[in-house]
Amino acid sequence: MHEGIVGATGGKVASWLELSAGALATNVATLRALSTETGGPRALGAVLKGNAYGHGLAQVLPLVHPLVDVLYFITPGDALTVRTLERARGLPSRQVLVIGAMDAEEAVALAHEGIEAVLGDGSWRDIVTELRRAKPARPLRVHVHVDTGLGREGFTPGQISHGELDFLRDATDVLQVVGVLSHFANTEDVTEQQYAESQLDVFEAGLSALRASVPVQEPLQRHMAASAATLVLPRARYDAQRVGISLYGLWPSVETRLSARLVLGRVPELKPVLSWRCPSQIVKWLPAGSYIGYGCTYRCADATRVAVLPVGYFDGYPRLLSGKAHVLVNGRRCPVLGRVMMNHIIVDVTHATRDERPLTATLLGQEGDEHLHAEALATWAQTIHYELVTRLGAHLRRVVVP
């Protein structure tokens, strides 16, 4: 039993997440080795958006800070926590890059803290004005986003050539172009990378157009590879890799795993960082014929020992897992019976325990030789594992384990 885990309000929590520091370190080592296979050294960066992919930014940041070269965030507020951590612990200053949108006030705050930003739309013309008013001690370092075929942020090579970034020529007092980036559209959805290769060609064209159009600081830091491309597309590794889902020990997709075997001749070792556990609230026998849960969707054919677990869709356990998923108890798979409720699920533990004493169930993770992977739960819930882990409740206690 895991005792005494206390939530932010001081009470005992129903379920909790365990984060393996050892698994995280293994994944970083695996990805760093890959990043240098085709030349190097290259910068390895950790993507910490989405509350560190649901794992918990407050817990993951101190673990990953000494292991990587760059830290990537979506929001300026999250990025600023890095400098707070570094000052509090006397840590060396890491390169930090905000890859999401921001307003002028946030850009000024980043400039003061030496945090870099992505320039991906025309709003930066107004930000230049505000930066001049703020008079930061040094220019804000920016990376220009080239839209190579995702259709989201960024400028196409044609837009760059036709003057969309010409305002940068007169903004060198407050903006310094130090990098260029893009993002793939479907490297993880296929085993052949024809579209990705075409995106790389567009990226090269955008890079040439940028150098011809505006002042840049050479050597520009070029980066396009996220997890899938880092694993299976060596051409895309450039000067830095932005590793997200695989940092946490999860494969981007089945296709990426297959591609790795084809491209690398092996499947690199990735260890899931996260486990999700829950103590029982009640363990009891129900007689044959008993209905379970809202809607009476499950009826016991035989006398059944059940465990009521205080976890539900409020915590991020999808309602679509109703009647589909399993949990692990004492290393045995135990099916979820009936509907997933807001704060509870009920599982069949008839063959996993001999009595009605309290127990601990694993919702995600390993017990003995059995594993419950995020990919499996996502499949049962008709979604992807990215969504599954990023929807884990922020209120859940996150505990770092070896």
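Residue positions begin at 1 at the first shown residue.
Using N, Cα and C of the backbone, Cβ positions are placed for all residues, glycine too.
On a predicted model such as this, the values are computed, not experimentally measured, just so you know.
The feature N6-(pyridoxal phosphate)lysine is assigned by TrEMBL to Lys49. Residues annotated as active site, proton acceptor in TrEMBL: Lys49, Tyr294. Summarising the annotation, TrEMBL assigns substrate binding site to Arg152, Met342. The annotation domain 'Alanine racemase C-terminal' is assigned in TrEMBL to 273-401.
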Recorded positions (Lys49, Arg152), the one with most neighbouring Cβ atoms at 10 Å: Lys49
Integer mean pLDDT for the domain 'Alanine racemase C-terminal' (273-401): 98
By Cα-Cα distance, the member of recorded positions Lys49, Arg152, Met342 nearest Tyr294 (active site, proton acceptor): Met342
Pairwise CA distance, Met342 (substrate binding site) versus Lys49 (N6-(pyridoxal phosphate)lysine), rounded so that it is a whole Å: 26
Assigned conformation of Arg152 (substrate binding site) - DSSP reduced to three states: coil
Integer Cα-Cα distance in angstrom, the residue listed as 'N6-(pyridoxal phosphate)lysine' to Arg152 (substrate binding site): 17
